[in-house]
Amino acid sequence: MGDILATLYPWTKSIHIMAVISWMAGMFYLPRLFVYHTEKSFAGDQLDVTYQVMEEKLFKVIMTPAMITTWIFGLTLVLTPGIVDWSSVWPYTKLVGILGMTWCHEWLGRRRKDFSTGQNRFTGRQYRMMNEVPTVLMVLIVLSVVVKF
Ligand code: HEM
């Protein structure tokens, strides 16, 4: 099993990175959509309906499948022999980053549902601030896995 995973390593990592790119695209764009949704539309108007469709498609068709793929191929990399040195610090800082990123994903999913039931309670400014969180987590994750401190 270890031999097969080692042979597949470049492929596993390529798919992991492609999935990460797709997931991050959504993690950066969805809170931006929420900013405009909050500031430029009213519950029930045409723009509200359009934003809801865009947000649902982005979350269900791109972000969630990309997150699941990232996890599956990331965990496959963890199981690949010789890839993770558990005596280093980076696997733990990366773990903090990916758990934070997954929490952000779930939080954004709950806010999407708020919009779809006309119950959004956050301001555009709060969504702007939330927009920065995935960026900070991405910096932590990439530095962890590339610099490997
Ligand atoms: C969701 C759970 C995740 C797991 C279990 C995971 C695990 C891993 C592992 C074990 C590696 C291999 C490291 C190596 O080859 O030396 C890796 C590579 C990588 N991961 Fe993740 N990862 C996850 C999510 C993420 C996220 C969210 C990002 C970016 C925001 C990310 C970015 C990367 C990058 C850029 C690499 C390639 C690093 C290199 O080869 O230099 N990963 N990941």
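Backbone N, Cα and C atoms are what each Cβ position is placed from, and that goes for glycine too.
As the structure is a computational prediction, the values presented were derived from the model and not from experiment.
Per TrEMBL, the features are:
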- 15-37: transmembrane segment (TRANSMEM)
- H16, K94: heme binding site (BINDING)
- 58-83: transmembrane segment (TRANSMEM)
- 89-108: transmembrane segment (TRANSMEM)
- 129-147: transmembrane segment (TRANSMEM)
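Neighbour list (K94 (heme binding site), Cβ cut-off 8 Å, at least 6 residues apart, same chain): L140, I141, S144, V145. H16 (heme binding site) counts 19 other C-beta atoms within 10 Å of its own C-beta, drawing on all protein chains shown. Packing against the transmembrane segment (58-83) from elsewhere in the chain are residues 2, 5-6, 8-9, 12-13, 15-16, 19-20, 22-23, 25-27, 29-30, 33, 98, 102, 105, 108-109, 112: each is 6 or more residues past its ends and has a CB under 8 Å from a CB in it.
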